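Heads up, the thing below is written out as C-alpha coordinates.
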Amino acid sequence: GEECDCGSPGNPCCDAATCKLRPGAQCAEGLCCEQCRFIKAGTVCRVARGDWNDDKCTGQSADCPRNGFYG
(Lines of atoms letter the chains of each structure in order from A and count residues from 1; the text may use other names and numbers.)
(Lines give C-alpha, C1' and ligand atoms only; values in the text may rest on other atoms or scores of the structure.)
Protein backbone atom coordinates (compact mmCIF):
# COMPACT_ATOMS: atom_id res chain seq x y z
CA GLY A 1 0.00 0.00 0.00
CA GLU A 2 0.81 3.65 0.02
CA GLU A 3 3.30 4.94 2.58
CA CYS A 4 2.78 8.56 1.62
CA ASP A 5 0.57 10.80 -0.52
CA CYS A 6 1.60 10.57 -4.18
CA GLY A 7 -0.48 13.62 -5.06
CA SER A 8 2.32 16.09 -4.41
CA PRO A 9 5.42 15.47 -6.55
CA GLY A 10 7.20 18.31 -4.75
CA ASN A 11 7.33 16.41 -1.44
CA PRO A 12 11.03 15.62 -0.80
CA CYS A 13 10.12 12.71 1.50
CA CYS A 14 7.82 10.82 -0.86
CA ASP A 15 8.51 9.18 -4.22
CA ALA A 16 5.51 10.36 -6.27
CA ALA A 17 5.91 7.48 -8.74
CA THR A 18 5.72 4.68 -6.15
CA CYS A 19 3.88 6.36 -3.21
CA LYS A 20 6.66 5.05 -0.97
CA LEU A 21 8.88 7.00 1.38
CA ARG A 22 12.24 7.91 -0.10
CA PRO A 23 15.29 6.05 1.30
CA GLY A 24 16.14 7.36 4.77
CA ALA A 25 12.76 9.08 5.25
CA GLN A 26 10.68 8.15 8.31
CA CYS A 27 7.64 10.21 7.34
CA ALA A 28 6.32 12.56 4.68
CA GLU A 29 3.80 14.70 6.56
CA GLY A 30 2.17 15.22 9.92
CA LEU A 31 2.45 17.49 12.93
CA CYS A 32 5.32 15.36 14.26
CA CYS A 33 7.22 15.10 10.96
CA GLU A 34 9.95 17.57 10.08
CA GLN A 35 12.38 17.24 7.17
CA CYS A 36 11.29 13.61 6.62
CA ARG A 37 12.10 12.59 10.22
CA PHE A 38 9.97 12.04 13.32
CA ILE A 39 10.21 14.97 15.73
CA LYS A 40 11.77 13.97 19.05
CA ALA A 41 9.57 12.66 21.85
CA GLY A 42 8.17 15.28 24.18
CA THR A 43 8.00 18.08 21.61
CA VAL A 44 4.67 19.91 21.91
CA CYS A 45 2.72 19.49 18.67
CA ARG A 46 -0.62 20.94 19.81
CA VAL A 47 -1.03 23.46 22.63
CA ALA A 48 -3.79 22.62 25.08
CA ARG A 49 -6.85 24.67 25.85
CA GLY A 50 -8.31 24.89 29.33
CA ASP A 51 -7.64 21.90 31.57
CA TRP A 52 -6.22 19.67 28.84
CA ASN A 53 -2.57 18.64 28.60
CA ASP A 54 -0.44 19.82 25.69
CA ASP A 55 -0.24 17.12 23.02
CA LYS A 56 3.32 15.92 22.46
CA CYS A 57 5.08 13.91 19.77
CA THR A 58 5.99 10.33 20.67
CA GLY A 59 9.18 10.21 18.59
CA GLN A 60 7.81 7.06 16.92
CA SER A 61 5.12 8.54 14.67
CA ALA A 62 4.35 11.55 12.47
CA ASP A 63 0.93 11.88 14.11
CA CYS A 64 0.23 14.19 17.04
CA PRO A 65 -1.62 12.09 19.63
CA ARG A 66 -4.35 13.44 21.89
CA ASN A 67 -2.80 13.25 25.35
CA GLY A 68 -6.00 13.77 27.27
CA PHE A 69 -7.47 15.54 30.23
CA TYR A 70 -5.36 16.93 33.05
CA GLY A 71 -6.40 16.45 36.62
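In case you wondered, yes, glycine gets a Cβ from its N, Cα and C as well.
Database features, via Swiss-Prot:
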DOMAIN    1-71  domain 'Disintegrin'
DISULFID  C4-C19  disulfide bond
DISULFID  C6-C14  disulfide bond
DISULFID  C13-C36  disulfide bond
DISULFID  C27-C33  disulfide bond
DISULFID  C32-C57  disulfide bond
DISULFID  C45-C64  disulfide bond
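Feature map: Swiss-Prot annotations on the structure.
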residue : record         : DSSP class
C4      : disulfide bond : coil
C13     : disulfide bond : coil
C19     : disulfide bond : coil
C27     : disulfide bond : coil
C33     : disulfide bond : strand
C45     : disulfide bond : strand
C57     : disulfide bond : coil
C64     : disulfide bond : coil
By Cα-Cα distance, the member of disulfide-bonded residues C27, C33, C57 nearest C13 (disulfide bond): C27
Length of the line joining the Cα atoms of C64 (disulfide bond) and C33 (disulfide bond), in Å: 9
Spatially closest candidate among C19, C33, C36, C45, the listed disulfide-bonded residues, to C6 (disulfide bond) (Cα to Cα): C19
Surrounding CB atoms that lie within 10 Å of the CB of C64 (disulfide bond), all protein chains: 19
Euclidean distance between Cα atoms of C57 (disulfide bond) and C45 (disulfide bond), Å: 6
